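These features come from TrEMBL:
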ACT_SITE  273  active site, acyl-ester intermediate
ACT_SITE  391  active site, charge relay system
ACT_SITE  487  active site, charge relay system
DOMAIN    74-526  domain 'Carboxylesterase type B'
TRANSMEM  41-65  transmembrane segment
């Protein structure tokens, strides 16, 4: 989004102390086995920079996983496309090994540049799929300060990049599946639609498969100009090839997951962010209303219904790219750009700081998302949605002028600016520094309030909706001092991949990870029952599941008003943006 962003004491106990000790001590605990607030169940009652950083998982210090790969008894699967040979991972105390098939082609790869995906060519010789494939071409924009920050914290060490990237990974329990097939969880990584990779160690699905008896699927998809070209020569409905990659991979799951023991009728899509005010999960729910290839969705720190800024003009970005590649005089600028090396295209779009956002095609991306929800024209599936308590702290590093930040982020109305300033009083309510104030404004305007509005709109329209509020930070989730409960910090807790870190875990982190992973899996297995706390709109308002609050390793039910009181300030802005986008859509 281009119009709205502004400018630029707990005693931790290492438990256990080493990776080996942690692994040996790990119990297998379902949500219902928790001993504290997690055991409340569905009827529980309780009281209560100027840098655009895309949503990458925190993996910069990742080390080798505490697992054992077994290639002696390599698992095999035969698909319609051809046979596969994977590898096997054994996790401590798990009742089953995990079969890993890494780098399965779900589409023809490399694809034709800027074109929709096509079916892969079949093969007859067994295909060895034991390693993650390269990331699709990523974009890390200049100026150097923001680029270096992002690269240091979110792309270190950098993965190999290639246009030959349309592959996915499957993590499945090695034991025979029940007759009815296993639940499938399809992960859609974040990255602001400019970067990301299925080979991110934070997304390793081995723990989910081993301890929750589900199948995890993680796939690559094209981003930035390679996924969302703004060329006028491309038909509008074919421009969002990144979203088409996602749909193609979902169809691959429908066609092939039974071979891995999965039930194609039991697919839950889950994912994190995708840029400010965006979510691939929410987009799929809104744009596939009839016979969707999933039965539930989990949205972590993202939604696509409440827009927080006007999208960049991708056509103007395309024309600037064409000029930067010396293709302006070509008879077909599209053909000229297609002929250029991918590394050159990447360099030009990064140096020119070009934004390529999804086209509003009303097929994969809608002009009126709020309206289709209220009119019951979206997929009728249960949804779990939520945000982190301090999402914005990673976006406003170095900001310390509250007045300037508010004026730049909310230009035009001095009355609104004053109201926002009053609502976040410096020196009160935990706002000890100007950075605290600015970060919380960012958190609530760009993440928390849109998620709250969308979740409650879904509940009001009759869609089964649950909401969480992640509020825990740990030494190994801190990108920098005082990072707090920042954006993406919940991912490794959910995936139980925090053990990749060299920093010892805490007792709370260990238990909270088990609870959250179990809750996510429970929701995927039984969507209508929810994750283990009250559905929105029930039980006198005690319907927000606070995760990790005050040292908890489970859920505490609180009223939404406890954290959403300032959201009323922003509703008129969201409505104005939505109306402007709807009125200017030409499709």
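Glycine residues also receive a Cβ, built from the backbone N, Cα and C atoms like all the rest.
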Other C-beta atoms that fall within 10 angstroms of the C-beta of residue 487 (active site, charge relay system): 31
Other CB atoms, at most 10 A from the CB of the residue listed as 'active site, acyl-ester intermediate': 32
Secondary structure of residue 391 (active site, charge relay system) (DSSP, helix/strand/coil): helix
Distant-in-sequence Cβ neighbours of residue 391 (active site, charge relay system), under 8 Å, six or more positions away: 301, 442, 443, 446, 447, 448, 485, 486, 487
For the domain 'Carboxylesterase type B' (74-526), mean pLDDT (0 to 100): 96
